[in-house]
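Quick look at what TrEMBL lists:
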- 50-123: domain 'Transposase TnpC homeodomain' (DOMAIN)
- 79-111: region 'Disordered' (REGION)
- 132-175: domain 'Transposase IS66 zinc-finger binding' (DOMAIN)
- 195-337: domain 'Transposase IS66 central' (DOMAIN)
Amino acid sequence: MSDGVENLLIAAEKYSMRNFEKDQTQPTEQENRITALEEELLCLKAIIARYEEMLRLQKQRQYGASSERFPSGQLSLFEENETSSKTALPQGAPDEITADKSHQKKKRKVRESLNAELPVTVITHSLPLEGRACSDCGNYMHVMKTEIRREIKVIPARVEIIQHERDVYSCRTCEKVNTRTPIVKAPMSEAVIPKSMASSSAIAYVVTQKYLYSTPLYRLEFQFRQFGVELSRQTMSNWLIHSTGELLQPLYESMRAFLVSLPILHADETTLQVLKEAGRKPTSKSYIWLYRSGRVGPAIVLFEYTPTRGSGHPERFLEGFKGNLHTDGYSGYEKMEGSILTTTKPSGPSNH
């Protein structure tokens, strides 16, 4: 046998032995692999169970029964934003959406829009007469065009003191001759709040900052201190109570009278907790009612606070209303007389 053939047979024998040893050890490796896969499967099952529990709790919070029980199919005007913000993604929707940047259109720059009614101050930049001479021929140059650059100028709020001085008149002759001296005062507008420095503009500013921009009174107190006025939170709170409880009450009643004359209204109620209310515990449940107009006509939204949820509250507020009342299915509205009650119940509208 030649050396080449012998070497070839030896190599084949060694190769066969390696394959045999590999076949002998493979079942052990498979068992290890199976054990690892089983452990991974248990881990994945635990993760799936965790996410299923999270999904169940989320559905329970969104669709489950709350502490306040409503008839079947009842909706709420007050939870519109909350419900829309909790809307679940469609099934199978990916967690992240990536887009190919090569197919994205370049966003156009949007120029800030300016109200045409805003006051405009024009600052003209021109050359003096000696600077208008042409550098080539020496003749005066004319205005070829005018370049315009606009800026937004912000004028911070400032406080002024309006001092009312009213002259009081008396008769000197009567002072010397008669025992009675006539006194006449010049006419002067009455104060918005008696014995207070509050003006209509100051109250309007506090009301706007508080209710429109949600600025706390302690920040307004600091803001007025920067203006040079020491105005306490208690004083501003009294302004708010006086303005909303007395000054705006005629407007509120006028809007309510117009509201009940409309053919279509919407109504809803929600719970409210009031602290330090006289004669009631801080944990007592109160209610705030919402009444608003429909899409036709001026938009009117009125709120009313009541300590209870009795049916007499909407009946009293909507006294004289003969139109169509859209509600969320609360049975307290069913005692309304002379109106058509529209709810989300399967039975549809009902006459009262």
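Every residue gets a Cβ built from N, Cα and C, even glycine.
Automatic prediction, not curation, is the source of TrEMBL annotations.
Within its own chain, the domain 'Transposase IS66 zinc-finger binding' (132-175) is flanked in space by residues 112, 114, 121, 181-186, 188-189, 199, 205, 224, 227-229, which lie at least six positions past its ends and keep a Cβ under 8 Å from the stretch. Residues belonging to the domain 'Transposase IS66 zinc-finger binding' (132-175) score a mean pLDDT of 92 in the model. Helix, strand and coil residue tallies for the domain 'Transposase IS66 zinc-finger binding' (132-175), in that order: 5 helix, 5 strand, 34 coil [DSSP].
DSSP places the residues of the domain 'Transposase IS66 central' (195-337) in helix, strand and coil in these numbers: 61 helix, 28 strand, 54 coil.
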